[in-house]
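Here is the structure we will look at.
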Amino acid sequence: MTPSLRTENLTIRFGGHAAVNDVSCAFRPGELTVIVGPNGAGKTTWFNLVSGQLKPTEGRIFKGENDITGLSPSARAKAGIGRAFQLTNLFPKLSVLENVRLVVQARAGQGPRIFTRASSMTDIRDKAYGFVEATRLASVAHLPAAALPHGDQRKLEVALLAAMEPDIFMFDEPTAGMSVDEAPAILELIAEIKKDTSKTVLLVEHKMDVVRALADRIVVLHNGELVADGRPGEVMALPIVREIYLGVGAEEVA
Amino acid sequence: MSLLVNTSRRVPVGRLVVYGVVLVVGLCLMFAPFLFPDVRAQEVAARICVFIVLVASYDLLIGYTGIVSFAHTMFFGLGAYGTAIALRTMGPGFDAILLGGSLGVLAALVLAVLIGLLSLRVKAIFFAMITLAAASVMMVLASQLSEFTGGEDGMTYTIPRFFSPANTLVEDADGKALRIFGVALNGRLALYYFVFLSSLFLFLAMLRIVASPLGTVLEAIRENEMRAEAIGYRVVSYRTAIFCIAAVIAALAGILRAVWLRYTGPDVTLSFDIMLDVLLMVVIGGMGTMMGAVIGVVIMTLAQFYLKDLMEAGASATADMPLLPDMLNPDRWLLWLGIVFILLVYFFPAGIAGTLMGKGGHK
């Protein structure tokens, strides 16, 4: 089976420092992979390379059969790579519904119809509202994103990704900074996405209970390199992973 | 939850005030020839109409999309010069306005595409510098190519006879122009309504644009360019598109200005003084509101035309008092204008319409 996403010798250097170093890795539909590693391991940088915010120094990225290394972030979004961000990254003055509507509208791709009232395009609006409800944000749908508490902003971040309806879902610490009672809503949503076997899910996550509950596979990054890759039980048992997580060699971590 | 109560109670009132004021301004402009029949008031009304279009089109850039451009009067000038040159060379006819105006608009569009594609990728500050350079080049060209443009002096020309005061639209029994409420139905009136209705049409078109899906994308680009790109919008294309739309609208406003004034020169179209006025009008009115354009233009234009008169009256009324007549000397009108600006910016940090409508007031 062709992998849905593949990186080949992916490398990016900032000056002499290789933040991601020669990472080759392939992902299949219907599989949820959790990417773990200490701070500075290159997880977010690797995400940025895949979603196009950064251009690699070396290496290539494939979506299915297609080489997408040269594509812009917007072209990759259109190609089905969806990304949620670790630091909340919304349209602060626009309302929750407008935030989501923008995504649905981008996907609908009707071109810029400049004399149609956006509010009259009810199909797009209703679809957007569906994602707002699914992320339990209906009660704040008309507040500007900036007025939401942190937990709701994280939910909106996930709503934007869900509304992209991508083939590849990339979550960057979706529950970071969320309270204990808020996190399950997000995790349920991810579990829901995982049920669809045509989707590939990548998840950067630190919380071990989340990893255990969701992961089909774990990839470990350390100092920009891929050091382990396999089933959760196997990977967590590896000496190098224990070393990283027990803090041995932590002084090397930038 | 105090925030909720607060916004739901305060914002609609502010909105109503803004829409009310804009409606009153619109009605005043619609009936300006009848309400304010003197010649100077006509000038002011026509100038307000044209500048609302110019300033609103600039708001599409700076307010909605976050593009800082100093080339907006360049596009305005292209429309005006195109019309003026055609009227001078082809003689006073509607064909000249149509052809010259179209060429001016086309030139504005081509230049906007070029500037947009070549430079909207760079950072905002560099883009602003590039537009500044383009605008400077255009000013030098306008003053150097004096055979075509009349140089620094600009050029005067005649406009179609249909718009001249001697043209009677409806004759009365004596063969003179019929008067309604003492206002002659002549070509001058037709010209005012040509300017007013064209401006109204362009302004309404811009209202539709900002309410369209494109409008939301523009705001998204202003709010978070990187995320807009990440959810699938080609930011450069959208920026270029709105830059072109704004340029075309500015050029159309230029046509109106050229026809109304029967004179086109650097000082009334291309100059950086006008660019600065436009910028101030947007800021005072409120960026990203459209309604702000109306309010900013009205306040600035009225101040520019009538503050001196007001001070003259104030000075003579206080002639017997110490110091006050000096302070109110009409020569010091710029000082008072400055004070008015500072107060406005202090009390309305997001512009008048912006603050009243609760946009950007709390962040």
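Just so it is clear, glycine is given a Cβ too, placed from its N, Cα and C backbone atoms.
The annotation transmembrane segment is assigned in TrEMBL to B:16-36 (among others).
Long-range contacts of the transmembrane segment (B:48-76) within the same chain: residues 25, 29, 108, 111-112, 115, 120, 124-125, 127-128, 131-132, 134-135, 138-139, 195-196, 199-200, 202-203, 206, 209-210, 215, 218-219, 221-222, 225, 238-239, 242-243, 245-254, 256-257, 260, 269-272, 274-275, 277-279, 281-282, 285-290, 292-294, 296-298, 301, each at least 6 residues beyond the stretch ends and with a Cβ under 8 Å from a Cβ of the stretch. Annotated transmembrane segment per TrEMBL: B:48-76 (among others), in sequence order.
Taken from TrEMBL, the feature transmembrane segment covers B:96-118 (among others).
Among the features that TrEMBL reports, transmembrane segment is placed at B:125-145 (among others).
Annotation comment: TrEMBL describes B:191-215 (among others) as transmembrane segment.
Counting residues 6+ beyond its ends, the transmembrane segment (B:236-260) has Cβ neighbours under 8 Å at 46, 49-51, 53-54, 56-58, 60-61, 64-65, 67, 69, 71-73, 75-84, 87, 97, 100-101, 104-105, 107-109, 111-113, 115-117, 120-121, 159, 163, 191, 194-195, 198-199, 202, 205-206, 209, 214, 217-218, 221, 228, 268-269 in the same chain. As annotated by TrEMBL, transmembrane segment applies to B:236-260 (among others).
The transmembrane segment annotation in TrEMBL covers B:280-303 (among others).
The transmembrane segment annotation in TrEMBL covers B:333-357 (among others). Non-local neighbours of the transmembrane segment (B:333-357) in the same chain are 11, 14-15, 17-18, 280, 282-289, 291-292, 294-296, 299, 303-304, 307-308, 311; each lies 6+ residues outside the stretch with a CB under 8 Å from one of its CB atoms.
By the count of Cβ pairs under 8 Å, the stretch nearest in packing to the transmembrane segment (B:16-36) among B:96-118, B:125-145, B:280-303 is B:280-303. Remote same-chain partners of the transmembrane segment (B:280-303), defined as residues 6 or more beyond its termini with a Cβ less than 8 Å from a stretch Cβ, comprise 18-19, 21-22, 25-26, 44, 47-48, 51-52, 55-56, 58-59, 62-64, 203, 206-207, 210, 219, 222, 337, 340-341, 344-345, 348, 350-357, 359-360.
If you look at the transmembrane segment (B:191-215), the same-chain residues 6 or more away from its ends with a CB under 8 A from one of its CBs are 26, 29-30, 32-33, 42, 45-46, 49-50, 52-53, 56-57, 60, 64, 159, 163, 238, 241-242, 245, 249, 252-253, 256, 259-260, 290, 293-294.
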